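Engineer: Structure in structure tokens, see below.
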């Protein structure tokens with residue numbers, strides 16, 4: 001026999017759960033900072049000491065070079081490097097703004113990955129990027145959202161519904177297994193295989209470094225410490241950058257598809273419900289829609305025949321990005 005708690009008790013528990021979540025997240029941030037500091041600070045100190053020794057050795061071997069002149073030279077080299085211009089002879093003639101390089105830059109910019117390796121030099125270029133991204137970033141998000149919603153019907157909802165109605169397996173269990181399978185395929189085809197390709201193409205990248213690049217790119221973090229194609233000839237680099245641009249866009253769509261599939265799992269929805277505001281009114285709730293093909297046409301779905309009879313509720317909800325208030 002289920003125990004019904006008063007509404008005031010449920011509100012108190014939800015509020016406490018929310019602040020536990022916030023406190024846990026703050027602790028998670030602090031933990032990450034401490035671990036990163038412990039791992040990276042010794043390496044930074046070691047590298048700084050090596051650089052100091054190298055500089056002293058160079059000045060001893062070239063006594064005609066003054067320290068302030070060397071300092072000025074290094075500053076100019078680093079300034080050029082900041083804008084993607086290398087001082088090395090073999091790379092000094094490479095353009096960062098031919099068509100494929102510009103396409104790679106725009107792809108990284110619009111997907112908010114932003115590696116930071118190539119940046120606008122002129123004031124006109126910086127001004128153009130501001131207005132271009134004011135329009136381009138929302139448009140990119142809109143395109144991705146529309147694509148993912150259509151792919152969800154083909155890749156997730158129809159297969160799950162077919163297995164549920166054809167063989168009679170529990171809808172929630174089928175949804176979980178399908179999400180795990182989709183996640184495994186995503187890891188294989190957008191992380192492991194591309195990492196192996198980058199390892200072979202780059203030469204000086206280890207598999208871990210290539211895998212790190214793939215994750216940093218598709219998670220839109222884009223630190224810029226690894227940029228593919230910089231060690232290749234100009235012709236090969238152009239094809240390489242074009243392929244990387246396509247990989248970045250397709251990979252992000254795949255990531256969003258997998259995340260949306262996991263988000264619609266009933267277990268995830270029940271977990272998220274724990275942390276929702278206890279004062280959430282009916283007007284501010286996410287509309288729960290059953291999984292139906294009419295979603296792809298933008299129509300309100302009727303109750304679906306594949307509803308999980310054991311749970312008495314649809315096992316898929318509307319997109320996490322959808323917010324539809326009730327109309328009075």
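Just so it is clear, glycine is given a Cβ too, placed from its N, Cα and C backbone atoms.
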Engineer: Under TrEMBL, the annotation region 'Disordered' belongs to which of these stretches: 275-301, 302-328?
Structural biologist: 302-328
Engineer: Based on Cβ pairs under 8 Å, which of the stretches 17-39, 127-153, 174-198, 210-227 lies most in contact with the transmembrane segment (239-263)?
Structural biologist: 174-198
Engineer: Using DSSP, tally how many residues of the domain 'Potassium channel' (94-151) sit in helix, strand and coil.
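Structural biologist: So the counts come to 41 helix, 0 strand, 17 coil.
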